[in-house]
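In Swiss-Prot this protein carries:
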BINDING   18, 19, 20, 21, 22, 23, 24, 25  ATP binding site
BINDING   20, 21, 22, 23, 24, 25  substrate binding site
REGION    43-46  region 'Interaction with substrate tRNA'
REGION    167-171  region 'Interaction with substrate tRNA'
SITE      109  site 'Interaction with substrate tRNA'
SITE      131  site 'Interaction with substrate tRNA'
């Protein structure tokens, strides 16, 4: 067996996750530089070009220092889901290992993490008729009605979804209608397919009030860095609200609130407050997911460069023992 083949078979993959604004990206980058690894981004929005500030993408300097995957690989209007990511990421990890490099997965998109750790079945393609009927139900009865139905049919999966993410809600019910099986059940059937890669998951944790402070501060920093201009450029490309509603990426927190500002629905101050509120809500759902679905080793989220260095060294020590 070649050294590359031995590496592919033997090297586990460090997975760093945690709620938004917990410092995952900085820790993963520091670790990757230290062990000469490549980073697989498990962020469902960083894959899209043109959404840089609002998704907290790695800087150009960081991208030059470490090889990153699933950053700026898709156009915003392209459809890309967790099932696609799971298959692509597993293939990409194997390719990284074949080169003799280590891979680090970093991100907090719960469906992406779920797919890697627990698997996804080969989900059916979209059915235009079923989707149209569900969309009509959504338009007439609202998201609450569809979410209530999903909660009845697949409560475990429903708990992982944000009811306001209507495209995911419609897709979940579409899958159940087509297959006659729950999304939870389909994922369970897929779990064994992932046995070729062993993940060592770590999660970053911090007190809830401190996390919320970080979220508020980061939102202000994004606005100061040009998020309003970035959102305006997207708004001008996808002018109508109806057009934006058909593109899942444009439902991203940080953009949709500013689109509403451009539509005259909110003041700018209120839009920023909503970004902070919705991001806090998202972090809360992430924490619920991590608690209920993941078996991870928790680390204190670093608050400064000294703590970041200490966490990096701790991960290197733990990884060297695998």
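Cβ atoms are placed via backbone N, Cα and C, with glycine included.
Fair warning: this is a prediction, and the values are worked out from it, not measured in the lab.
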Across every protein chain in view, the count of C-beta atoms other than its own within 10 A of the C-beta of residue 109 (site 'Interaction with substrate tRNA') is 20
I need the least crowded one of these recorded positions (24, 131), counting other C-beta atoms within 10 angstroms of each C-beta.
131
Near the region 'Interaction with substrate tRNA' (167-171), which residues from the same chain, at least 6 beyond its ends, have a CB less than 8 A from one of its CBs?
81, 111, 126, 131, 134-135, 138, 143, 146-147, 150, 161, 248, 251
Other residues with Cβ within 8 Å of the Cβ centroid of 20, 21, 22, 23, 24, 25 at the substrate site?
18, 19, 26, 56, 108, 204, 301
Apart from the site residues 18, 19, 20, 21, 22, 23, 24, 25, the 8 Å Cβ neighbourhood of the ATP centroid comprises 108, 204, 301
What residues, ordered by sequence, lie under 8 A Cβ-to-Cβ from residue 21 (ATP binding site) and sit at least six positions away in the same chain?
211, 214, 215, 218, 279, 283
Cβ density check for residue 18 (ATP binding site), other Cβ within 10 Å (all protein chains) comes to 26
Near the Cβ of residue 23 (ATP binding site), how many other Cβ atoms are there if near means within 10 Å?
21
How many Å lie between the Cα of residue 25 (ATP binding site) and the Cα of residue 131 (site 'Interaction with substrate tRNA')?
36
Residue 24 (ATP binding site) falls, by DSSP collapsed to helix, strand or coil, into helix
Across the region 'Interaction with substrate tRNA' (167-171), DSSP yields 5 helix, 0 strand, 0 coil
When secondary structure is assigned with DSSP, how many helix, strand and coil residues does the region 'Interaction with substrate tRNA' (43-46) contain?
0 helix, 0 strand, 4 coil
Packing count at residue 20 (ATP binding site) (other Cβ atoms within 10 Å of its Cβ)
20
Ranked by the number of other Cβ atoms within 10 Å of their own Cβ, which of the binding-site residues 22, 25 ranks first?
22
Measuring Cα to Cα, how far is residue 109 (site 'Interaction with substrate tRNA') from residue 22 (ATP binding site) in Å?
13
